[in-house]
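Colleague: Pasting a structure here, questions to come.
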There are 2 protein chains.
Amino acid sequence: MGHMIARLQTALDDLSIAGGTIVVGVSGGVDSVALLCGLAQLAASQHLKPVAAHLDHGLRGSRSAEDAAWVARLAERLQIPVVTDHVDVASRAAAAGKGIEETARTVRYEFLQAVATDHIARWIAVAHSADDQSETILHHIVRGTGLSGLRGMPAERTLPCGVVLVRPLLGMTRAELETYLAEIGQDYRVDDSNDDPQFTRNRLRHSVLPVLRRECNPQVDEALRRLGAQASELQSAMQTLAERCLDAAVRDLQPQVARLDWIVLADQPRHLVREVFLQLWTRQRWPRQRMGFEHWDRLADLVLDADSIAVTLPGRCDARRRGGLVVIEHPEGVAREAGQAD
Amino acid sequence: MGHMIARLQTALDDLSIAGGTIVVGVSGGVDSVALLCGLAQLAASQHLKPVAAHLDHGLRGSRSAEDAAWVARLAERLQIPVVTDHVDVASRAAAAGKGIEETARTVRYEFLQAVATDHIARWIAVAHSADDQSETILHHIVRGTGLSGLRGMPAERTLPCGVVLVRPLLGMTRAELETYLAEIGQDYRVDDSNDDPQFTRNRLRHSVLPVLRRECNPQVDEALRRLGAQASELQSAMQTLAERCLDAAVRDLQPQVARLDWIVLADQPRHLVREVFLQLWTRQRWPRQRMGFEHWDRLADLVLDADSIAVTLPGRCDARRRGGLVVIEHPEGVAREAGQAD
């Protein structure tokens, strides 16, 4: 078994991907062709049924249609069912008043979910590589998405439709995937939209990362991924501790009222206290959209700052100290239906 | 009171800098000239006695000596005592087989500490600005110093000699400092070693950050500083929680033996468990230099992985589970002398 296939096997095992239908997003570029060929090789042993899905974004003139036909021929040769579709992304973006990059992403995921639903698939696999991951982390750093953005793309995520989006190639570099395709004698399409500098991601790929590698650290991609993994682990640990702290502090939870033990919280670091309230909102299904950093921080004040007695928060939410309790009343809280999953 | 002076006042208050001698590192560039002038304005009200300190690194030919004379004249005009010295950094670097940038930093801090000792100063102030902070954070990200590097430069740090190194300008941008100097009609020297591309920091300043500002996010500097502040707060919170967890787990501490309650640790997230052992090493003053990530992680295995019974660590340290305890024997542990500070 080749090097890449062995690593893909490990990734599938780590993600518990076996026994079911998996939709594979295939642009025709090196990453997605490697993913499709790798999954074709492992399909029998993993009891997997891959379905190739290609969306023609209509952004590359006649080349777009050629790509679609090329992917269809590849899938046929691999004896994998293929679904192709065409969306005029530029018109959609103009109509919605949104950017090309954002719109392309939205329609691509809509398409993949539709294919997954049609084929009763358990997974959608996309071909993001380790290089995509370091670019994403750098992109998040530069855009200012804060600590949570350092985590980069998750290896798995359950989509609203219930299908699990997986990224089995996050541990492999583009160079490794190119080597694999060369070994099996498989060519691929060159997606020149990857070179279009109107996309921020491409500017990082072509203008910034090469400078960082050459001028500062040849291993900068790896450094970014390691930083992402560290940040991810630290944040997960803090979330676990916040859940436990919330468990210890809860005295009473009603749909529109929560009563917490003030003493349990008063001794904790501010960061943990904010995280506890965030978890409370999630547990209570109170809307979080309008809650910003300063709101979580004012809740922390209520616990940590003796002078803070009461705060009013978005959604006419009222939080105040009453004796040894912190009492939060949220008029937007709704009772769960009987039998509704937690 | 001008805008910059009001903010410097706040920074001094936050750092509790009042009533004593403060050595100010002055290169003659915009940042350090602004710091010296600002401290001169606030000296009387804060009961501060500033001492200007300038080290001629001998790296800029005749301009080096001119800078030293210029700083001496500035200090004289501000009626502040000044100490200047000359070190041939290039020769020192060659003799030590180290880089110019690293050597310059070492000799500069040696010089500042010597001046502080001579003048019985409580503080050494250096003029790093918000721009320096974002450059430092980006530099750490790119070099791969991991999460701890995201914190950037601390606003205060106690040096081995007992003097406190402070950075009161970390909240102000270079542009704000230039505006302040323009307002008070004070000129400054242009340090062209800041343009020398042989220094990684300058390459980031001149090749990378301008591209990121132009191509990706005009507010990238602020995004980097916010990320640094978030990472710093999260790590401090985790350290506090680890200290408490260690307190709860300790059963017995001897100079060469520590006994911890296994059950207290076994239920904690891996990140916290590693951090607890790190704190134990610090508390026991066991050498940490040879301990790498994998060693801390093997200690965590001892707690979290039922199959791990014993590990051997650098310095012939032996750690093993014995009943409900984790027992760590470290032959390099030494008894503290009576009366030695913790």
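Cβ coordinates are placed from backbone N, Cα and C, and glycine is handled just like the others.
If you look up TrEMBL, you'll see A:S27, A:G28, A:G29, A:V30, A:D31, A:S32 marked as ATP binding site. Taken from TrEMBL, the feature domain 'tRNA(Ile)-lysidine/2-thiocytidine synthase N-terminal' covers A:22-206.
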Colleague: If you average per-residue pLDDT over the domain 'tRNA(Ile)-lysidine/2-thiocytidine synthase N-terminal' (A:22-206), what number do you get?
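Modeller: Looking only at the domain 'tRNA(Ile)-lysidine/2-thiocytidine synthase N-terminal' (A:22-206), pLDDT averages out to 92.
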Colleague: Let me spell it out: for each of the binding-site residues (A:S27, A:S32), count the other Cβ atoms within 10 Å of that residue's Cβ, using every protein chain shown. Which one has the most?
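Modeller: Most Cβ neighbours within 10 Å: A:S32.
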Colleague: Cβ-Cβ under 8 Å from A:V30 (ATP binding site), same chain, 6 or more residues apart: which ones?
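Modeller: Those within reach of A:V30 (ATP binding site), by Cβ under 8 Å and sequence separation of 6 or more, are A:R174, A:L177, A:E178, A:L181, A:Y188.
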Colleague: Within 10 angstroms of the C-beta of A:G29 (ATP binding site), what count of other C-beta atoms is obtained when all protein chains are considered?
Modeller: 18
Colleague: Using DSSP and collapsing to three states, where does A:D31 (ATP binding site) fall: helix, strand or coil?
Modeller: helix
Colleague: At a 10 Å cut-off from the C-beta of A:D31 (ATP binding site), count the other C-beta atoms across all protein chains.
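Modeller: Counting Cβ neighbours of A:D31 (ATP binding site) within 10 Å gives 24.
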Colleague: Take the Cβ of A:G28 (ATP binding site) and count every other Cβ within 10 Å, whichever protein chain it belongs to.
Modeller: 20
